[in-house]
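Listed in Swiss-Prot for this protein:
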{"type": "BINDING", "residues": "96, 98, 100", "note": "Mg(2+) binding site"}
{"type": "BINDING", "residues": "97, 113, 120", "note": "Zn(2+) binding site"}
């Protein structure tokens, strides 16, 4: 299935996006079909959050340049900022050396964390 709709541009439904086979063979999804995605602010290098992606979420992110993730608790897709307005414009997507983690370098508008903090790593320092 194509990642583009002739009327609206990139598909708005992540479930309909298909990952390029050349990319899919390089990503090592876990047994649940997920890969961790580390989200980093492209302007200052701060790590903002970690979320999970399946192949459709990754395909949707690549096609739309919007941070798209898989919620394990809700068993559904979520596009960052769709309800909060705290959007992520994806500038780069990289795969780590083992192929089992994705790095998204993004431009964040508003808070990245669902708590309202700029980053999910603002609190609870362990050392």
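The backbone N, Cα and C atoms fix where each Cβ goes, glycine too.
Structural mapping of features recorded in Swiss-Prot.
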| residue | record | Cβ within 10 Å |
| --- | --- | --- |
| 96 | Mg(2+) binding site | 13 |
| 97 | Zn(2+) binding site | 6 |
| 98 | Mg(2+) binding site | 7 |
| 100 | Mg(2+) binding site | 13 |
| 113 | Zn(2+) binding site | 15 |
| 120 | Zn(2+) binding site | 18 |
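In three-state terms derived from DSSP, residue 98 (Mg(2+) binding site) belongs to neither a helical nor a strand segment and is classed as coil. Taking the mean position of the Cβ atoms of 96, 98, 100 as the Mg(2+) site, the remaining same-chain residues with a Cβ inside 8 Å of that point are 28, 95, 97, 99, 101.
In this structure the C-alpha atoms belonging to residue 96 (Mg(2+) binding site) and residue 120 (Zn(2+) binding site) are separated by 21 Å.
The CA atom of residue 98 (Mg(2+) binding site) is located 27 Å away from the CA atom of residue 113 (Zn(2+) binding site).
Following the DSSP three-state reduction, the secondary structure of residue 113 (Zn(2+) binding site) is coil.
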